[in-house]
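Presented below is the structure to which this report refers.
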Amino acid sequence: MDVVLTICSRSRQDPAHHLAGPFLPQTPVGSLTPERSNSPDLRLRRKPKTVNPYLRWAVIPAVSLKVLLVPIILHINWKLVSPLLAQFIPQGSNYFSSDLPNPFTQFFLLSHRVPFSSDNIPRYQKGWCDLLFIAYHVVFWSLIRQSLTIYVFKPIARHFDIKKEQKLDRFAEQGYAMVYFAVMGAWGYRIMGQLPTWWYRTEAFWIDYPHWDMKPELKRYYLMQMAYWVQQLLVLVLGLEKPRKDYYELVAHHIVTIWLVGWSYLINLTLIGNAVYMSMDIPDSFLAFSKILNYLRAERAKIVSFVVFTFIWTYFRHILNFYILYSVWFEYDLIPEPSKVWIWADGTYLNWWMKYQVFAPLLLLQFLNLFWYFLIMRIAYRAATSSLVSDVRSDDEDDGEDEDEDKPSPWSKKNE
């Protein structure tokens, strides 16, 4: 227990922690920050990290755009060329048919439409080509992330006199997170309004299972969420951005999220998946917005935003998630009896032991949420009891700036 309390204590005071760090006070504009001396700057500087040529699509928007255009161009070429080929190749050929579908649509359009589903109310099922859609949209999210970072949020940060590259990166990360979670939270809200699970009617998770045929909007939403989290995990694991002190917590969170997304999609539990997504995305958008206000040193707005965020986090991340956990544990038996078997061909997977397989990752996710909630409550308590309204630290301590950057060079006179 003492070890856990020590970790939590360090995390809440750690300026590089992804949750607590940005809420630490920032140096107010115009404060008496110690000035730099005019002596030559002899400190060692880190060279920019070289990006593997095969990963340039993940960090350079122009390269991402080129990769995304390749399937589209091939798709157009196929549509233009295939009618011409059909005129010269005899019908019934083993190598070509005019009825052959365009193979490149699977990268950016939904695949596996349910046969004979109505054009007015189309339905889709899962299939192997969904992996191509996910891979394509991993690159898509890289393009969006880097474009917003470089061309939108870094210029905004500079406009508000944020100059350090480390803090510019952190500000841009939170700007992208705010946009993503706000858009996906609103999209998830819209989709839930079309489902029988509207506003956490949890018994509908299990009634009429299996829910194997999906509305096109639900399937696209689900696969784009999966692509986002795969892209985020790649950013962390491949070291495409400087890791924070709670690096392993974030990696664990992303792995659990991908586990939940992939497993729920595979076993036809997309209705409960939509509910979990909403409970995560909406509070995360408020979290990112609060961090941005703190970077901008908007003290009053930051306090109001943090209070609102705390209530929203509590409701979505804990109250609604406990409803979901309760449903898995106590309403699981609402599944129709014929569906309580593992038959791959029928799309039924929820036999007796699958209850624990569904419950375990949700519980693990809740433990991670409770850990972060403890830090949020510590921040709230400190803000309520502290009389300090300004920060006396130097800018170098803000948001986990590299400590090495503030240490004297081995060639400086202090080390002689």
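Yeah, the Cβs are placed from backbone N, Cα and C, and that goes for glycine too.
Features of the protein shown, as given by TrEMBL:
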| type | residues | note |
| --- | --- | --- |
| REGION | 18-43 | region 'Disordered' |
| COMPBIAS | 28-40 | compositional bias 'Polar residues' |
| TRANSMEM | 54-76 | transmembrane segment |
| TRANSMEM | 131-153 | transmembrane segment |
| DOMAIN | 166-385 | domain 'TLC' |
| TRANSMEM | 221-240 | transmembrane segment |
| TRANSMEM | 247-266 | transmembrane segment |
| TRANSMEM | 303-326 | transmembrane segment |
| TRANSMEM | 358-376 | transmembrane segment |
| REGION | 390-416 | region 'Disordered' |
Is the transmembrane segment (221-240) in contact with the transmembrane segment (303-326), using three or more Cβ pairs under 8 angstroms as the rule and ignoring pairs under 6 apart in sequence?
no
Six or more residues out from either end of the transmembrane segment (54-76), which same-chain residues have a Cβ under 8 Å from its Cβ atoms?
102, 104-105, 107-108, 136, 139-140, 142-143, 146-147, 150-151, 231, 234-235, 238, 240
Looking at the domain 'TLC' (166-385) alone, can you tell me the average pLDDT?
91
